[in-house]
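Below is one structure, written out as structure tokens; the observations come after it.
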Amino acid sequence: MKIAVLSRNPRLYSTRRLVEAGIERGHEMVVIDTLRAYMNIASHKPQIHYRGKPLEGFDAVIPRIGASVTFYGCAVLRQFEMMGVFPLNESVAIARSRDKLRSLQLLSRRGIGLPVTGFAHSPDDIPDLIQMVNGAPLVIKVLEGTQGIGVVLCETATAAESVIEAFMGLKQDIMVQEYIKEAGGADIRCFVVGDKVIASMKRQAKPGEFRSNLHRGGSASLIKITPEERMTALRAAKVMGLSVAGVDILRSNHGPLVMEVNSSPGLEGIEVTTSKDVAGMIIGYLEKNSGPHMTRTKGKG
């Protein structure tokens with residue numbers, strides 16, 4: 001197969017591994033800098049050009065679209081879909097999962113376990129918003145943040161009020177969530193490919209920190225997940241419409257709670273921790289499932 005990898009940086013671990021895994025299995029792998037591709041939208045034959053030439057003959061496309069380029073990245077991916085190229089994850093699913101609020105609303109509607117969550121812009125009764133999520137301690141998040149940036153733990157209601165007021169002054173939409181103390185600063189990253197959790201790891205925040213993101217100095221270790229956690233991860237990925245996803249779960253006193261569903265999960269942490277060939281499994285999924293015009297939205301955007 002001829003497989004495109006949409007990635008701003010061919011040297012990133014995840015991009016490198018996907019290219020290696022594809023070549024090992026005999027495929028032609030082409031890395032395309034998402035922002036440098038440009039499109040002919042309104043022609044009878046949709047096209048993408050890159051470095052002055054049309055991109056043609058691709059069987060599949062692997063989107064590795066960073067959060068900051070979601071809008072343009074999804075547009076390029078959608079154009080591939082219009083051309084009948086099979087996407088590892090569809091543009092609509094990526095856009096859906098990048099909107100944290102929409103994700104939680106969809107997961108909640110399907111009855112998937114979530115921390116109690118409030119959402120506000122300029123609340124006229126801040127103490128009521130704080131009570132809505134069972135009071136302090138609580139976590140406040142800016143909607144656009146990634147890798148644990150824009151996430152604040154407030155130990156008291158007074159601190160929470162100050163932080164909410166500060167974000168209001170910045171005209172930011174904010175998410176207020178109950179703090180799951182029993183998780184002890186740890187979460188579980190379940191790596192979903194197709195209808196299986198192919199690998200999972202526990203991420204533990206460094207001492208004095210509550211954010212377990214590896215980018216924030218958290219450490220990763222092997223973990224055996226429960227059948228309920230496995231089911232939760234698979235259902236969450238399915239609700240988002242993602243074929244490949246990193247589902248972040250907290251262990252709480254009332255079962256597994258989904259924190260986030262990541263449409264472009266990093267491979268380094270999970271491969272190094274579990275010694276599994278995750279990149280190879282992703283290519284294997286494409287081998288089994290890809291075909292022209294096989295998107296669930298049938299390439300109609």
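Just so you know, glycine gets a Cβ as well, placed from its N, Cα and C.
Feature annotation from Swiss-Prot assigns ATP binding site to Lys141, Glu178, Tyr179, Asp187, Arg211, Ser212, Asn213; the stated evidence is sequence analysis. The Mg(2+) 1 binding site annotation in Swiss-Prot covers Asp248, Glu260. Per Swiss-Prot, the feature Mn(2+) 1 binding site maps to Asp248, Glu260; the stated evidence is sequence analysis. According to Swiss-Prot, the feature Mg(2+) 2 binding site maps to Glu260, Asn262, an assignment based on sequence analysis. What Swiss-Prot records for Glu260, Asn262 is Mn(2+) 2 binding site, and it gives sequence analysis as the kind of evidence. Summarising the annotation, Swiss-Prot assigns domain 'ATP-grasp' to 104-287.
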Would you pick out, from the binding-site residues Glu178, Asp187, Asp248, Glu260, the residue whose Cβ has the largest number of other Cβ atoms within 10 Å?
Asp187
When a 10 Å sphere is centred on the Cβ of Tyr179 (ATP binding site), how many other Cβ atoms does it contain?
18
Given the binding-site residues Asp248, Glu260, Asn262, find the one whose Cα is closest in space to the Cα of Ser212 (ATP binding site).
Asp248
Could you check which of the binding-site residues (Asp248, Glu260, Asn262) sits closest to Lys141 (ATP binding site), going Cα to Cα?
Glu260
Of Ser212, Asn213, Asn262, the binding-site residues given in the record, which has the fewest other CB atoms within 10 A of its CB?
Asn213
Roughly how many Å separate the Cα of Asn213 (ATP binding site) from that of Glu260 (Mg(2+) 1 binding site), to the nearest whole number?
12
What is the total of other Cβ atoms whose distance to the Cβ of Arg211 (ATP binding site) is within 10 Å?
20
Quick check for the class: what is the C-alpha distance, in angstrom and rounded, between Asp187 (ATP binding site) and Asp248 (Mg(2+) 1 binding site)?
7
Determine, from DSSP, whether Asn262 (Mg(2+) 2 binding site) sits in helix, strand or coil.
strand
Going by DSSP, is Asp248 (Mg(2+) 1 binding site) part of a helix, a strand, or coil?
strand
Measuring Cα to Cα, how many angstrom lie between Glu178 (ATP binding site) and Asp248 (Mg(2+) 1 binding site)?
16
Just checking the binding-site residues Tyr179, Arg211, Asp248: which sit within 10 A of Asn262 (Mg(2+) 2 binding site), CA to CA?
Asp248
